[in-house]
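Student: In case it's useful when we look at the structure, here is the feature table from Swiss-Prot:
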type	residues	note
BINDING	ASN239, MET268, TYR297, HIS333, SER353, ARG354, GLY355, ASP394, GLY395, LEU396, ARG397, GLU433, TYR460	substrate binding site
BINDING	HIS437, HIS501	Zn(2+) binding site
BINDING	CYS581, CYS584, CYS589	[4Fe-4S] cluster binding site
Amino acid sequence: MSATKLTRREQRARAQHFIDTLEGTAFPNSKRIYITGTHPGVRVPMREIQLSPTLIGGSKEQPQYEENEAIPVYDTSGPYGDPQIAINVQQGLAKLRQPWIDARGDTEELTVRSSDYTKARLADDGLDELRFSGVLTPKRAKAGRRVTQLHYARQGIITPEMEFIAIRENMGRERIRSEVLRHQHPGMSFGARLPENITAEFVRDEVAAGRAIIPANINHPESEPMIIGRNFLVKVNANIGNSAVTSSIEEEVEKLVWSTRWGADTVMDLSTGRYIHETREWILRNSPVPIGTVPIYQALEKVNGIAEDLTWEAFRDTLLEQAEQGVDYFTIHAGVLLRYVPMTAKRLTGIVSRGGSIMAKWCLSHHQENFLYQHFREICEICAAYDVSLSLGDGLRPGSIQDANDEAQFAELHTLGELTKIAWEYDVQVMIEGPGHVPMQMIRRNMTEELEHCHEAPFYTLGPLTTDIAPGYDHFTSGIGAAMIGWFGCAMLCYVTPKEHLGLPNKEDVKQGLITYKIAAHAADLAKGHPGAQIRDNAMSKARFEFRWEDQFNLALDPFTARAYHDETLPQESGKVAHFCSMCGPKFCSMKISQEVRDYAATQTIEMGMADMSENFRARGGEIYLRKEEA
């Protein structure tokens, strides 16, 4: 923890400086590469980690080296990871997908905003200083048309987004030639289909079947296409957002950029404080990854935080507002039904979901069914017009391991399965949210129940936390559960930071949560046997055995921390080529000893072979030349 806590003014000033000086930055010894597709404009970014050669022999004066292949890795940082791209947060990112959207000819620009709230914000001159200057003219589907990736997939259309994703998911592994790097243990996939090569047709088929989603609002053309599904790489979401008591627009944009740098595949803006609308505009215009929200939070702000005063009309206006800004997926707590609320009465921790508790309070105060459930078809009509995916929220998720897998949790899950089928009638993409707090032995049931009752729609879980005893370390307690459920088939993991249950995360907390969850997601990919998942591990192990310290740092998920820990005890440059580290020292390094054993064994094999040949020579009489019949 930092020794000096910054004041609010200092935090804002630091964030503003970050934004003002922001430029594309590569990780150490990495470079940005692009792989092109067949569709115009399909140019898929990846990060390529450059490695040093391996010393294989020769003398001190004339050493002999063997080259090591560069390792391509999935990169979520967008333009922020390319030093060749000029960054201007005031202008936003380039609109990568705009030509693809326009070419389909099924959208139209809106001459007037659909949301009354948006109209009021735009008319308020007092917000000019906060407003993003380059606001897009929003689009929506033409009358009678649907513009979702699910609709196109069902029509047999392979979109540029689908080709982009296919290239991205393969992670450039076709470039790797080394058998050492390509070696991979068989996985246990629990029924997942993991083809050796992911094609655009495979992507289309998975989306058409509802097993995967491509969150890609037509009003967020800055986003780089990505996919969430059991048969693809496990993804990670990062939550950001201001509150009524802390954070600013500058800090949230900083956290967005920071999140994409450290591997967030999507980002959820959970803002609940002032200027939600303006904050979200800045985030969307500068985000290369899909953005999700929980619209009920903002709807509640519009009725001064009084849950009983919520109305369908206020919520609908919020959906239109956010859809026309470009939000890629909505978390909707439509499965919290009136009859399920009493099921939570005997729980230790009741209803812990903010959205779930809001809707439960509304249902009880009006003694009516959840208006999100009642108006679900209208929600789907809105989503179909903008290609907003639905993330069906688990408002009754367990908030303690004592409450795990109870009647309320699974009753809601079954309702989410019913709602999934309704959304699919409108060609709306759907994923299902899951818990929560679940001990290890009870985790797998969550996945099997979801697959069965939600028709294999992608599962998206918060952890789950496997124990409740570690406030301040819940990124660890949940990372364990996240790795397990990712292995069982969960498609996306929502990160948990060290501040979970304690406070709003800052920039460093975001990084810690993301690194923890990237580890969990990667461990799940390895366990499933995802093709190519082991390449980076093999490269790291090879570098470690060969004492290529710089390569070890650069192959790490966090090169800076790896280097810092090494340099705490061996800061000299000579320490970067030493055949030991400070843990064991030069005399007891297991890998150095292992190398010596290997060299000794190889020498012994040669000497034994020479001895065998000598014995054979003497047995044949010691003649240099043998008679033809003896040869």
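The backbone N, Cα and C atoms fix where each Cβ goes, and this holds for glycine too.
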Student: At its widest, how many Å does the recorded substrate site span between Cα atoms of ASN239, MET268, TYR297, HIS333, SER353, ARG354, GLY355, ASP394, GLY395, LEU396, ARG397, GLU433, TYR460?
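Tutor: Answer in Å: the longest Cα-Cα distance is 20.
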Student: Measure the Cβ-based neighbour count of GLY395 (substrate binding site), defined as the other Cβ atoms within 10 Å of its Cβ.
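Tutor: Summing over all protein chains shown, GLY395 (substrate binding site) has 32 other Cβ atoms within 10 Å.
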Student: Just the number: how many Å between the Cα atoms of SER353 (substrate binding site) and HIS437 (Zn(2+) binding site)?
Tutor: 12
Student: Please list residues from the chain of TYR460 (substrate binding site) whose Cβ is under 8 angstroms from its Cβ, counting only those at least six apart in sequence.
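Tutor: In sequence order, ILE228, ASN237, SER391, MET431, ILE432, GLU433, GLY434, CYS490, ALA491, MET492, LEU493, CYS494 meet the Cβ cut-off.
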Student: Work through the binding-site residues one by one (ASN239, TYR297, GLY395) and name whichever has its CA nearest to the CA of HIS501 (Zn(2+) binding site).
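Tutor: Out of the listed candidates, the nearest Cα belongs to ASN239.
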Student: Can you give me the Cα-Cα distance between ARG397 (substrate binding site) and HIS437 (Zn(2+) binding site) in Å, rounded to a whole number?
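Tutor: A Cα-Cα distance of 8 Å.
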Student: Round to the nearest Å and give the CA-to-CA distance linking HIS437 (Zn(2+) binding site) with ASN239 (substrate binding site).
Tutor: 18
Student: For HIS437, HIS501, listed as binding-site residues, tell me which one has the smallest number of other Cβ atoms within 10 Å.
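Tutor: Per-residue Cβ counts within 10 Å for the binding-site residues HIS437, HIS501 bottom out at HIS501.
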Student: What three-state class does DSSP give SER353 (substrate binding site)?
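Tutor: Where SER353 (substrate binding site) sits, the three-state DSSP reduction gives coil.
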Student: Near TYR297 (substrate binding site), which residues of its own chain have a C-beta under 8 A away, given they sit six or more steps off in sequence?
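Tutor: Long-range Cβ contacts: LEU270, SER271, THR272, ILE276, ARG354, GLY355.
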